[in-house]
Amino acid sequence: MTEPALAPTDDLDEAVEVLAGHRLTVLTGAGISTDSGIPDYRGPGSPPRTPMTYQQFVGDLAFRRHYWARNHVGWAHVHRAAPNAGHRALVDLEARGVVLGVITQNVDLLHEDAGSRNVIDLHGRYDRVVCLSCGTVVPRAALARRLDALNPGFVESVGAVADIEIAPDADAVIETTAHFVIADCEACGGILKPDIVYFGENVPKERVQRAYAMVDDAGALLVVGSSLTVMSGLRFVRHAARSGTPVVIVNRGATRGDPLATVKVEVGTSEALTTLARELPTPV
Ligand SMILES: [Zn+2]
């Protein structure tokens, strides 16, 4: 892998130097939510994990049943997660006019919960469910009530959620799901799917265009807590680099964007954002 323009550092001084005076667009990934108790399955030291594909979800009833059983246990955990110091620092930076907006690959809504106003949820949001046939959108909480009624005692039988591995997409790793009863769309009987972009699925075009526009409006792009493994995030780094916009990447471990980074910083996201919120002046 090619090295970034400057060698990776654990010191934020170079990042402050590059970012100071610019209005920033921030691209965030799973790494920013780990301090809120949501594990990053692509972070260093994480066990290998095969993500579910859209094709598996739509094409296989047994798979769908297994998926919804795990999601039903996992979503409540994400629902209870609270924003951390990193999310709060971005709210502060936005209020001061340093940050224009946030593009997030996370579906946990922690930026919104913290108070960020201009957020693009690139990969969707965990709190909504959409019907693949008629497009009806229902709140995940309403579906939870239906799934509880269809599967009395299921969540309790799985055990305390604290003992279960939770993935960033609200997927919990549990074994027995064969008897789980799933729910279909109440309007048309169609397949319900979390309003989340899965592997093998494209981010809606309009959302991608808004994200490109947000990058174009910024004087610099700050990437926080993403290994940029998938093109859906990496393309914004490429786009910024092509137009000569400085890119600062804060992530523990290598990212696919490192060769394009002006500065690469290897520190925790909460620490980095708290420091940047303290050090970066409001652009004039
Ligand atoms: Zn429907």
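Even glycines carry a Cβ here, placed using N, Cα and C.
Automatic, uncurated: that is what TrEMBL annotation is.
Here's what TrEMBL has on this protein:
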type     : residues                                 : note
DOMAIN   : 5-283                                    : domain 'Deacetylase sirtuin-type'
BINDING  : 29-49, 105-108, 225-227, 251-253, THR269 : NAD(+) binding site
ACT_SITE : HIS123                                   : active site, proton acceptor
BINDING  : CYS131, CYS134, CYS185, CYS188           : Zn(2+) binding site
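Location within the structure of each feature annotated in TrEMBL.
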residue: GLY29; record: NAD(+) binding site; DSSP (3 states): coil
residue: GLY37; record: NAD(+) binding site; DSSP (3 states): coil
residue: ASP108; record: NAD(+) binding site; DSSP (3 states): coil
residue: HIS123; record: active site, proton acceptor; DSSP (3 states): coil
residue: CYS131; record: Zn(2+) binding site; DSSP (3 states): strand
residue: CYS185; record: Zn(2+) binding site; DSSP (3 states): coil
residue: ASN251; record: NAD(+) binding site; DSSP (3 states): coil
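Note: ASN251 (NAD(+) binding site) has non-local neighbours GLY29, GLY31, VAL223, VAL224, GLY225, SER226, SER227, LYS264, VAL265, GLU266, THR269, i.e. same-chain residues 6+ apart with C-beta under 8 A of its own C-beta. Candidate binding-site residues: GLY29, GLY37. Fewest other C-beta atoms within 10 angstroms, GLY37.
Proximity to ligand 1 at the level of Cβ atoms, with a cut-off under 6 angstroms, picks out CYS131, CYS134, CYS185, CYS188 from the binding-site residues GLY37, CYS131, CYS134, CYS185, CYS188.
Note on the binding-site residues CYS131, CYS185, CYS188: the fewest other CB atoms within 10 A surround the CB of CYS188.
In sequence order, LEU132, SER133, GLY135, THR136, ASP184, GLU186, ALA187, GLY189, GLY190, LEU192 are the same-chain residues whose CB sits within 8 A of the CB centroid of CYS131, CYS134, CYS185, CYS188, the residues recorded for Zn(2+) being left out. Rounded to the nearest whole angstrom, the C-alpha distance between SER33 (NAD(+) binding site) and CYS134 (Zn(2+) binding site) is 33.
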